[in-house]
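What TrEMBL records for this protein:
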- 20-106: domain 'Pyrroline-5-carboxylate reductase catalytic N-terminal' (DOMAIN)
- 249-382: domain 'Ferric oxidoreductase' (DOMAIN)
- 206-228: transmembrane segment (TRANSMEM)
- 248-271: transmembrane segment (TRANSMEM)
- 292-317: transmembrane segment (TRANSMEM)
- 337-363: transmembrane segment (TRANSMEM)
- 408-431: transmembrane segment (TRANSMEM)
Amino acid sequence: QHRVSTMGFPAVPAPPESERVCVFGTGDLGRSLGLRLLQAGYGVVFGSRRPHSSSSLLPHGAQVLGHAAAAQSAHLIFIAVQREHYDFLVPLANQLKGKVLVDLSNNLKKNQYPEANAEYLQSLVPGAEVVKGFNTLSAWSLQNGPSDANRQVYICGESVEAKQAVIAVAIKLGFSALDRGFLSVARELEDFPLQLFPQWRLPLRIAIGLSAAFFFYLLIRDIIYAYVTQSKDISFRIMVSLANKVCPIVSLIMLSLCYLPGVLASFLQLYRGTKYRRFPDWLDRWMLCRKQLGLLALGFAFLHVLYTLIIPIRYYVWFKNRTTQFDMTTAWRGDSYLSLGILGFGLYVLLGITSLPSVSNALSWREFSFIQSKLGHLTLLLCTAHTYLYGWNRFLSSSTYKWYTPPGYMLCLVLPSVVLLLKLLLITPCVDRTITRIRQGWERGADQRNPKDSQPLIP
């Protein structure tokens with residue numbers, strides 16, 4: 001056989017069938033996949049209902065045939081068409097017998113059909129080996145390459161040999177393939193592209209809830225209080241001053257929420273005396289979204305920095321002219337407050353950078369743990385001290401408690417102070433030694449049950 005160029009170039013010998021693949025579907029996804037396969041050195045044959053009219057749209061070097069002829073040209077066939085158009089495969093059952101069919105389809109919503117698309121495809125062509133895969137990749141990601149898009153490809157199917165063939169193609173294209181098991185997992189893989197920030201939902205709800213709660217709380221204390229008690233209209237402060245109070249408060253609380261579940265998990269292991277028991281579901285879900293909590297906290301810290309930088313150019317600041325005597329204590333307090341804030345924000349940025357996959361993959365586990373745990377708690381300490389210096393001795397003044405309510409910064413100090421105190425307890429030598437033994441495999445009470453098993457798994 002020879003491959004005929006659609007651009008009028010001389011025919012070149014076709015590659016052997018082991019290096020030739022077939023793509024059913026000439027839409028955006030099918031064309032992008034065919035182009036990547038050609039760039040990786042595969043011979044590509046497109047199967048189309050209208051092979052003559054489709055040839056001008058396809059990548060240079062690819063061959064386009066009818067479905068029946070294309071199915072006979074390769075052992076591995078990518079099905080890049082929607083489930084509604086699978087009917088054309090039924091008459092091809094004999095040609096597809098023994099072939100590996102890779103289902104790339106997705107649905108518009110979850111549970112759109114009673115069974116997964118891949119399972120439905122298998123029922124239409126029982127003689128073929130159906131593999132679900134490549135459905136989490138878009139046409140854009142295939143065109144731009146794995147360096148600019150998600151590198152992960154999920155695979156599932158009944159035949160081990162068929163999955164290995166698909167995995168080999170994925171690796172050659174520059175992706176990393178993960179075998180998720182049998183074809184019954186296909187519905188889960190088809191739901192992946194439909195998920196909209198699944199790990200971000202809880203952190204976003206927390207961020208929005210905290211922002212709204214503190215915004216209205218501070219609105220009542222600062223703006224409405226001044227209008228009711230002093231007949232002063234300072235509503236212009238909502239845009240900058242009020243926002244610049246809400247952002248650091250939410251940032252500090254969410255940073256505390258990043259490290260609180262780890263502290264709770266340590267105390268739970270200490271209480272149980274073993275690491276071989278599952279954490280509660282709520283704690284598991286909390287720990288899985290710590291990265292998102294931290295990134296949102298960093299975002300609010302960035303906003304706080306930006307709002308602070310524009311304070312000198314505000315009309316209100318220009319208009320307000322103060323002439324007060326120099327106070328050394330106030331100067332030390334102000335410089336310390338700013339210095340701790342800058343140091344804390346610098347570590348904040350470091351934590352955010354190391355959470356990026358491209359950076360974290362270059363770090364060893366010990367390096368990553370040191371930055372995210374040790375420096376993370378140091379960041380929390382600096383930011384908490386920064387807030388304490390902001391408040392200084394204002395808590396002693398009765399004017400601070402407008403309508404008998406504490407200021408927002410005082411409320412936001414509760415959670416980080418608790419987290420730091422609990423962490424201080426955990427790093428004391430006696431407690432830290434016990435937790436280390438538990439995480440090495442030691443269990444409380446194991447000495448009485450089996451003296452030989454009382455030693456840690458790692459000496």
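Residue 1 is the first one shown; counting continues down the chain.
Glycine is treated like the rest: Cβ placed from N, Cα and C.
Remember, TrEMBL labels are computer predictions, not curated facts.
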Beyond the flanks of the transmembrane segment (292-317) by at least 6 residues, Cβ under 8 Å: 199-200, 202-204, 206-207, 236-237, 240, 243-244, 247-248, 250-252, 254-255, 257-258, 345, 348-349, 351-352, 355, 376
Chain residues outside the transmembrane segment (337-363) and at least six past its termini with a C-beta under 8 angstroms from it: 255, 291, 294-295, 297-298, 301, 305, 371-372, 375-376, 378-379, 382-383, 385-386, 389-390
Within the predicted model, mean pLDDT of the domain 'Pyrroline-5-carboxylate reductase catalytic N-terminal' (20-106): 91
Within the domain 'Ferric oxidoreductase' (249-382), residues counted as helix, strand or coil by DSSP: 109 helix, 0 strand, 25 coil
Three-state composition of the domain 'Pyrroline-5-carboxylate reductase catalytic N-terminal' (20-106), taking helix and strand from DSSP: 40 helix, 21 strand, 26 coil
